[in-house]
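Here the structure is laid out as structure tokens; the discussion comes afterwards.
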Amino acid sequence: MATYRIAPSILSADFARLGEEVRHVIDAGADWIHFDVMDNHYVPNLTFGPMVCQALRKHSVKADGTRVPIDVHLMVQPVDALATAFAKSGADIVTFHPDASTHVDRTLQLIKAEGIQAGLVFNPATPVDVLEWVIDKVDVVLLMSVNPGFGGQSFIDSTLRKAEQVRKIIDASGRDIRLEVDGGIKVDNIRRVADAGADTFVAGSAIFGQPDYKAVIDAMRAQLAG
Ligand code: DX5
Ligand code: ZN
């Protein structure tokens, strides 16, 4: 059985208390911290940069001393300078949209050269063909199940078919690649997303929109175990 990971998106956290929110959601059982970087160019919204990532890194430690990976989702164009900057600012994983990069293979190499994990993100209407050519350099495939830019949108069902397609590609590669899905994931649909082949689940509003983060994460895990 897959080892499932739940990655709360701090896009829906209280930005005035980010460090506290990260610690709180880690105590509630977060496996990764999903960090949405928006540039008001590739997407119509603006969030935070490498300095905020650096400041949060010291908050990404569990009570037992182990660190929770910071999963940086770049919704920016151009990509390369920021990908490197985030790698140097405490990111453990950097994913980017191939349609935002002029040279996808080069961007992947830049990230890997920093000694961290690299991934590609596909929008709901973007085909995944490029994976065929760079699968050996990819550690994460992130499928958007909403159009990027905002939290709190509804899950787009065609993502399930795309997840099935990518699951086959990953399995055929024989590589250890995470299949992450991002957007509109809730307790009541996470099981369907897992059944389509995903093993890592981003959830923003579903977790931060409730007072008890642990109750939501526990309910998601119960769905995944069922
Ligand atoms: C959207 C972001 C998502 C978003 C998910 O552009 O990439 O990570 O925060 O939020 P929810 O779970 O509320 O759809
Ligand atoms: Zn995201």
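Using N, Cα and C of the backbone, Cβ positions are placed for all residues, glycine too.
Because the structure is a prediction, the values reported are computed rather than measured.
Matching H73, H97, H103 to the divalent metal cation binding residues that TrEMBL gives (H34, D36, D182) identifies H73.
Classification of S9 (substrate binding site) by DSSP places it within a strand.
With respect to ligand 2, the binding-site residues H73, G151, D182 contribute H73, D182 as residues with a C-beta closer than 6 angstroms to one of its atoms, given in sequence order. A Cα-Cα distance of 14 Å separates H34 (divalent metal cation binding site) from G149 (substrate binding site).
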